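Engineer: Below are the structure tokens for one structure; questions will follow.
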Amino acid sequence: MTRNQLHNWLNAGFFGLLLLLIHVQGQDSPEANPIRNTHTGQIQGSLIHVKDTKAGVHTFLGIPFAKPPVGPLRFAPPEAPEPWSGVRDGTAHPAMCLQNLDMLNEAGLPDMKMMLSSFPMSEDCLYLNIYTPAHAHEGSNLPVMVWIHGGALVIGMASMFDGSLLTVNEDLVVVTIQYRLGVLGFFSTGDQHARGNWGYLDQAAALRWVQQNIAHFGGNPDRVTIFGESAGGTSVSSHVVSPMSQGLFHGAIMESGVALLPDLISETSEMVSTTVAKLSGCEAMDSQALVRCLRGKSEAEILAINKVFKMIPAVVDGEFFPRHPKELLASEDFHPVPSIIGVNNDEFGWSIPVVMGSAQMIKGITRENLQAVLKDTAVQMMLPPECSDLLMEEYMGDTEDAQTLQIQFTEMMGDFMFVIPALQVAHFQRSHAPVYFYEFQHPPSYFKDVRPPHVKADHADEIPFVFASFFWGMKLDFTEEEELLSRRMMKYWANFARHGNPNSEGLPYWPVMDHDEQYLQLDIQPAVGRALKAGRLQFWTKTLPQKIQELKASQDKHREL
């Protein structure tokens, strides 16, 4: 697919979706206008007929699960939503949370920005969407899957992900939720005046809402699985370790994101709070005055501050995270739920370097400048610059060829950011509860004219296979083989949501990850693999820390002398 085709296809898909919605909403039958109760009032949804199936889906959009987090509730935990009288309209997508859409332009995705810009944006954004089979009713007790979107905790929205096909194909309830992003979601003063992690508290509030209400929509509150990708996977993993979220769900799926992702968790709020104070003109204040000053800023002023953050970390706040996730994972009283954890085989292949603005730098890597590039990279990884030699030895060896060096660099970054953290979390969890691990390996055919030919399964490539559609429910030109892979992946995910085990008759067997380190290679022909990246894991978790310790010891000795 060329960039031009992608542009035309995005537009056609978007307007096609609108026409479909308008057409179905126009039908005036009781079934076309479903009304359901919630603990705060009644909501009316729509009936959607899913193309190529005889089945219908009831959608309920923009349901509030918390009070608008504005005024005194900015930088405060979410509060229960206000009740309403009459029947609330649940046929329009909610406003997305405040975010910097210019990031998409900078990433060379103006079409995506154009589409997102057609949706309203507001600080009042704590809403969720529900997709449920049209036959479902109270007492249906269907499994529930709650999707948490990714986007580095700074960008994204619930409505980009259409749960209709997953709902229809697997006869379950899909919920997509929103949460505060960027500064509004994760600013912290590091004390009682603004502890932070507001976005995670929003997600927990949405999960509490699901517990209280999902039975009215045909869902089983005792069979809730949370799933998400990238920062959404990090969110899922964070709820698995947080004592505040215990009992709100029964299974977890982490796609290319866990609580140990290096850029999305921080011991201290200092760097973010200092930057925010400086940019907002609220400097030289104690934390109480800083929070008061920031609450007085307009949405436009907050957006301007958000622009400097391409990602933002959650913080060890003493409440949502009583200790660092690594300590929580290792603690005796850790009680995880059964989990699917996985990565793609080219996580840093294309889209992340483009979004982060490092694609040109990678293209310029040669043997001559490699040492300097690795020194800079080591510093960004918070490693001593002296570690650059070890990185070179492990990933590049004596290779002279520039393209090979560039590919090895992206493998190194993918391992550091995604693969190693995912394997570490899987190893912590598997001694307490079942873990099913996967590596997604299929490069989608519809991207072959958009991306460089060496890119394999890039970050987020598995999402359309799980939802059987691209953003906003747009149908993809899957090949027959891809159609089968998508059906299998939906079935694995749904089986797991239903029983805590992805396996069933007719599917290639997916073994639990035990001490034999088995995992599933998710490809056109799925196969069982063993000990994914065991050598790299050894390097990052044993060799490198040992080298850093030796360096520190010799520096300390040198200082004493």
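The backbone N, Cα and C atoms fix where each Cβ goes, and this holds for glycine too.
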Engineer: Between 50-53, 82-85, 298-301, 558-561, which stretch does Swiss-Prot give the note motif 'Prevents secretion from ER'?
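Structural biologist: It is 558-561 that Swiss-Prot annotates as motif 'Prevents secretion from ER'.
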Engineer: Which of CYS293, CYS387 is the other half of the disulfide bond that Swiss-Prot records for CYS282?
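Structural biologist: Record-based pairing for CYS282: CYS293.
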Engineer: Disulfide-wise, see what Swiss-Prot says CYS97 is paired with, picking from CYS125, CYS387.
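Structural biologist: Between CYS97 and one of CYS125, CYS387, Swiss-Prot records a disulfide, namely with CYS125.
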Engineer: Under 8 Å Cβ-Cβ from CYS97 (disulfide bond), six or more apart in the same chain: what's there?
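Structural biologist: Looking at Cβ-Cβ distances below 8 Å from CYS97 (disulfide bond), excluding near sequence neighbours, one finds MET121, SER122, GLU123, CYS125, MET157, GLN178, TYR179, ARG180, LEU181, LEU184, GLY185.
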Engineer: Determine, to the nearest whole angstrom, how far the Cα atom of SER230 (active site, acyl-ester intermediate) is from the Cα atom of HIS459 (active site, charge relay system).
Structural biologist: 8
Engineer: Taking only the residues in the motif 'Prevents secretion from ER' (558-561), give me the average pLDDT of this model.
Structural biologist: 63
Engineer: Taking the Cβ of CYS282 (disulfide bond) as reference, which residues of that chain separated by at least 6 in sequence fall under 8 Å from it?
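Structural biologist: When sequence neighbours closer than 6 are ignored, CYS282 (disulfide bond) has VAL276, ALA289, LEU290, CYS293, LEU294 within Cβ distance under 8 Å.
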